[in-house]
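Peer 1: Below: one structure in C-alpha cells.
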Amino acid sequence: MPHDGNERSHRIARLAAVVSGIAGLLLCGIVPLLPVNQTTATIFWPQGSTADGNITQITAPLVSGAPRALDISIPCSAIATLPANGGLVLSTLPAGGVDTGKAGLFVRANQDTVVVAFRDSVAAVAARSTIAAGGCSALHIWADTGGAGADFMGIPGGAGTLPPEKKPQVGGIFTDLKVGAQPGLSARVDIDTRFITTPGALKKAVMLLGVLAVLVAMVGLAALDRLSRGRTLRDWLTRYRPRVRVGFASRLADAAVIATLLLWHVIGATSSDDGYLLTVARVAPKAGYVANYYRYFGTTEAPFDWYTSVLAQLAAVSTAGVWMRLPATLAGIACWLIVSRFVLRRLGPGPGGLASNRVAVFTAGAVFLSAWLPFNNGLRPEPLIALGVLVTWVLVERSIALGRLAPAAVAIIVATLTATLAPQGLIALAPLLTGARAIAQRIRRRRATDGLLAPLAVLAAALSLITVVVFRDQTLATVAESARIKYKVGPTIAWYQDFLRYYFLTVESNVEGSMSRRFAVLVLLFCLFGVLFVLLRRGRVAGLASGPAWRLIGTTAVGLLLLTFTPTKWAVQFGAFAGLAGVLGAVTAFTFARIGLHSRRNLTLYVTALLFVLAWATSGINGWFYVGNYGVPWYDIQPVIASHPVTSMFLTLSILTGLLAAWYHFRMDYAGHTEVKDNRRNRILASTPLLVVAVIMVAGEVGSMAKAAVFRYPLYTTAKANLTALSTGLSSCAMADDVLAEPDPNAGMLQPVPGQAFGPDGPLGGISPVGFKPEGVGEDLKSDPVVSKPGLVNSDASPNKPNAAITDSAGTAGGKGPVGINGSHAALPFGLDPARTPVMGSYGENNLAATATSAWYQLPPRSPDRPLVVVSAAGAIWSYKEDGDFIYGQSLKLQWGVTGPDGRIQPLGQVFPIDIGPQPAWRNLRFPLAWAPPEADVARIVAYDPNLSPEQWFAFTPPRVPVLESLQRLIGSATPVLMDIATAANFPCQRPFSEHLGIAELPQYRILPDHKQTAASSNLWQSSSTGGPFLFTQALLRTSTIATYLRGDWYRDWGSVEQYHRLVPADQAPDAVVEEGVITVPGWGRPGPIRALP
C-alpha cells in the first residue's frame, strides 16, 4: 500500500506538472497577442476665438513628432482674405523656429501663388488670382500612413501627393488668417498614442490564470523532486534546510564590505544615466506608459521597462539621490552576502576548502568592491543584473547538487527577469547555459518516473512567464515598433565590433576608461584566464570543487560572449560582472596560493602580472562622471606622487619582478626544484598579492571621494547633497540650493563715481581709450569645437575616433543687436539691456596696442548675497585656473580703489579674473569680493591688448555686483523644466516637463551640464533628428541664458540655465484642447510605422 500511495502521488504530481505547465505556457504565450485598451487623443480645430471673433492658433507639440493622421480643410474664400503681399495660410510649426520648414507643413501665400509644402517638399501650388476668382472651393490637406498630399479642389492640376515619410511634424496649428470659424474650415489631428495602453479584462484574466498555472506547475515539479528521492515532505524540508556556519573571517569581511557599500552610497559618484532613468520614472505616471524621454520619439521602454516602473514608485516617495539609489546599494549588499554565504561554500566546502580560507574570503570582498564601486552606484540596472546573475548561478548549482529541478525552474524565472532589465541583462542566461548539461542529465535519469513532458513543460512554462512582465500593458506590435525605432535611430554597434567595448577602456583622459574601471575589468579578465590556465594545467586543486569552478568560469566566459549581442557597447555594462569578479578573485587567490608555494618562479610571475595590471589601470585618470569629479584628486590626469606618474612606478616594479621571475626560471636548470617552504608566512605571501592590489585600489577610490567630501566642504559635492538630504528628511534640493542665479543682471550694474571725467564713449571707455571702441566686438563668437573621446555614454558620435562638436549657451555666440547706449551693435548676452549697458572692444584694431582704463565704479556694501564683481566679456582674455595653470589671452584686470576723506581715489591692487570660458564667446568673468582689500569701495577695469593678431582681442561691459539667489528660489518646484541627462539627478526638486496623451508640456527653463558635456552628449543625444526633446523646443521656443554660479566654487563650470520663451505667445496660441477616447486594439495591430527619419 505505501508503494501504491507513492505511485499515486507521483502520478498526481506529474499530471499537475504537465497540465499546469502546458496551460501556463499557452496562457503566457498568448499574452503579447491579446487585445488592450488604447487611449486615443484627437485635436479638432478651430478652438475658440479672439476678442474680435477671429479663429485662434493652438499649441500642441507632439512627442512622436508626426501624428498618426492629419486632415485639414480650408475654404478658398478664407485664403483669399490674406493681404496682397501674402502671409501664412496655415502651418503645423511656427515660422520662426529652427529649421521648421524642413519638418512641418507650411501653406504660404505670396503675391502670386499659394504653395503647400510638407517638409520643404512642394505638394500643390495654386495661383492666387484663380483662388480670388472663385476657381476653387477649398484646400484639402491630408497626411497618414498612405502618404501626404494636398488638393486645391476645383483647380485643374491643383493636387499632388508625397510619400509617407513626408508626414509633417505637428507642434500646433498656426495661421495669419483673420477669419471667424465657418463651415469648411477644420482640422483634425489624430495623435499617435499606440503606447498608451492598459490591459483589458480578458488580458488581465489570462495573465492571472497564466501566473497561477505556472506556480501550480512549479509546485508539481517540486513534489516530483521530493517523491523522486523517496522522502516525506517533513524529511525533505529537514534535509535541505540550509546550514550556514559563519566564521570570524566571513563576519569581518561582511562588516568591511557592507560598511564600504554604505559609505559609498553617501559619498560615491553616481552613474551617467541617473538623470535619464530618474526623469523617465518621474514622467511615466502622467505619460501613461514608460516613455523614453530623451530620444526615440517617445517610444516605450518595453521590454526593458519593469525596473523603471519600480523606480517610478520610489520617485513617488522622494526624488533625492540617496533614496533613489537604495536598490543599487541593497543589491550590492545582497550580492556580497550571497557570495560569502553560498557561492564560496559551493566552490570549496569543508575544512581546508575555499570557504574556510580567510585570505580567499577577504580577497573576494576586496575584488568585489573594486568591481562594484566604479560601476554600480547609480540607477542603472547593472547592480540588479549582477545580483540576478549570482542568484541564477546559485539556483542552478542547488539544482545540480540536490538533484532537484524546481530550483532550475526558479533560476529560469530569475534569469529572464534579469534579462529584461536591460539588453546587457542577457548575461543572466549564462548560468543556465553552463548548467544545462547537468540539468539535462538529471531529467534523463528521472525519465522513468517523471517522464520528459512534465519537467520540460514546467521549465518551458517558467520561461514563458516573462511575457506577463514584458507585455503586461504593451503588445507585441508596440514592443516591435519600439525596437525598430531604436535600431533605426541608433546608436547601435554590430556584435563583431564588441572589441570597441574594451577599446573604450583604454582611451586616455576618458571617464569611461578611468583608472578604477580599467582595474575592475583587467582583474576580471586576469582572474578568469588565470584560473582557467591553472585548472587546465593541474586538472584539480585541493579544496576547490571542480564542477562548480568550471561552471563559474563558463558562466563568466559565456556572459562576456553574450555581451557581444547588446546593441550598445558602453564600458559601464561591465558592472554586471561585479559579483562574478568577486568570486573569481577568491578562486584566484586560493588556486594561485597553491602554485605559488610550488614554485618561486610561479609566485613571482603572479606578482608581476598583478603589478602590470596596476600599471595599466593607473595609466588612466581618476575620473568620475560630472559632479563626481568635484574635488577628486587627479580627476583629469594620471595619478602622480612627487611629480612621478604612479603608472611608471608600477611598470618599473613589474619589469623588475619579471626579471626576477626569469632568473628563477633559468636557475631551475642549475639549482633544481625551487619549491617554497609550506609555512604560515609563505602561505600568506603566496595568497595575498591579489588581496593587497585590490585593497590598494578600493582604498584609493574611497579615499578620493572622502577627500573631496571633507576638504571641499561646504562647497557642493555629491556627499554634501546626500548628507543634507538625510539630515532634512529628504527635503533638500541638492544642486538647486547651491547654484546661484542673477534674476536681473541689469539691477546689479555698478554706477560710476560722480564727478569723474571721461570721453565720448562714456565711463566704460574712460578718458582716452586707444583701440577700444563700442563697435570693437566680433560678430561670430562661436567657441572652439569640443573634442570628446570615443566611448562617451549617451553620445551618438563616432565610436572609434575623437569627435568634435560646437555648442554655446544661448545668446553668447555673437551677432547683431539693437543700438546700445554707447553706439554698439553687439548682441548682448544674459539678459543685459543694451539701453543701459555700454560695450567696449578691441576687435579690428590690428595696428597698435589697444588700451583702456574705465572710470571708477562704486562698490556696494558687502553682503552674503552679493559675493562677486562680474564683468561680461568676450574674446581672448588672460586668466588663471584654480590649480595655477594659465589660459592665454590679453589682459583684462579689475583694480580696486579706496576713496579718501577728500574724495580722491587711491588705487589699490589689480587682479586677473576667474574665467571658466569658453573663448571667445560671451561669458561672465568673476572677481570675488573676498579678494578685495577690506577698505576697497570702488573698482575699475584696466584693459590692455598689445597683440595684433586678429584672434587676440576682447570686449567687455561694465562691472556689476548682482544680487544672487538660489536656483531653487528662482525656478521653484512647479515650473516645467527640461533637465539634461547629466543634470536631472542633481536637481531633484525641479519638475521635468510632463507628457500626456502624446503631447509634451512646453518647458520654461533648461538646465544644462558643463560646456564639454553639453557639446559631447546632451546636444547630440537629445537632438530633434533622433526624436529627443529638441524636436519641439527648437521648433516652438527661443532661448536666453541666465547668468549662474556655483556657490563658493567660482572656478567651476557647473553648467548653465537657459530660459525658454514661446515663439508664439500663449495668449495667441493657447494649449490645445484634446478629445480623449478609448479603443480596443489586438496585440498584433500596428497603425503604420512611426516616422523616425531626420
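Backbone N, Cα and C atoms are what each Cβ position is placed from, and that goes for glycine too.
Pulled from Swiss-Prot, these are the listed features:
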type: TRANSMEM; residues: 12-34; note: transmembrane segment
type: TRANSMEM; residues: 205-224; note: transmembrane segment
type: TRANSMEM; residues: 247-269; note: transmembrane segment
type: TRANSMEM; residues: 356-375; note: transmembrane segment
type: TRANSMEM; residues: 408-430; note: transmembrane segment
type: TRANSMEM; residues: 451-470; note: transmembrane segment
type: TRANSMEM; residues: 519-536; note: transmembrane segment
type: TRANSMEM; residues: 543-565; note: transmembrane segment
type: TRANSMEM; residues: 575-597; note: transmembrane segment
type: TRANSMEM; residues: 604-626; note: transmembrane segment
type: TRANSMEM; residues: 641-663; note: transmembrane segment
type: TRANSMEM; residues: 684-706; note: transmembrane segment
Peer 1: In the same chain, which residue numbers or ranges, 6 or more beyond the ends of the transmembrane segment (247-269), come under 8 angstroms Cβ to Cβ?
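Peer 2: The answer is 322, 325-326, 328-329, 332-333, 336-337, 340-341, 356, 358, 361-362, 364-365, 368-369, 372-373, 377, 624-625, 627-629, 698, 702, 705-706, 708-709, 717-719, 722-723, 726.
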Peer 1: What residues in the same chain, six or more past the boundaries of the transmembrane segment (519-536), come closer than 8 Å to it by Cβ-Cβ distance?
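Peer 2: Residues 367, 370-371, 374-375, 502, 505, 546, 549-550, 553, 556-557, 571, 574, 577-578, 580-581, 584-585, 587-588, 591-592, 595, 609-610, 613-614, 616-617, 690, 693-694, 697 contact the transmembrane segment (519-536) from elsewhere in the chain.
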Peer 1: Check the transmembrane segment (684-706) against each of 12-34, 356-375, 543-565, 575-597, 604-626 and return whichever range has the most CB pairs under 8 Å.
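Peer 2: Per the Cβ under 8 Å count, 356-375.
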Peer 1: Ranking 12-34, 356-375, 451-470, 543-565, 641-663 by Cβ pairs under 8 Å to the transmembrane segment (575-597), which is first?
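Peer 2: Going through each listed stretch, the top one turns out to be 356-375.
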Peer 1: Do at least three C-beta pairs under 8 angstroms join the transmembrane segment (205-224) to the transmembrane segment (604-626), pairs 6 or more apart in sequence?
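Peer 2: No, the stretches stay apart by this measure.
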Peer 1: Tally Cβ pairs under 8 Å between the transmembrane segment (12-34) and each listed stretch (356-375, 451-470, 543-565, 604-626), then give the stretch with the top tally.
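Peer 2: Between the stretches 356-375, 451-470, 543-565, 604-626, 451-470 has the largest tally.
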Peer 1: Can you tell me which parts of the same chain pack against the transmembrane segment (451-470), counting only residues 6+ beyond its ends and a CB-CB cutoff under 8 A?
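Peer 2: Contacts of the transmembrane segment (451-470) (Cβ under 8 Å, skipping residues fewer than 6 from its ends): 14, 17-18, 20-22, 24-25, 28-29, 31-32, 207, 210-211, 213-214, 217-218, 220-221, 224, 302-303, 306, 405, 408-410, 412-413, 416-417, 419-420, 443, 479.
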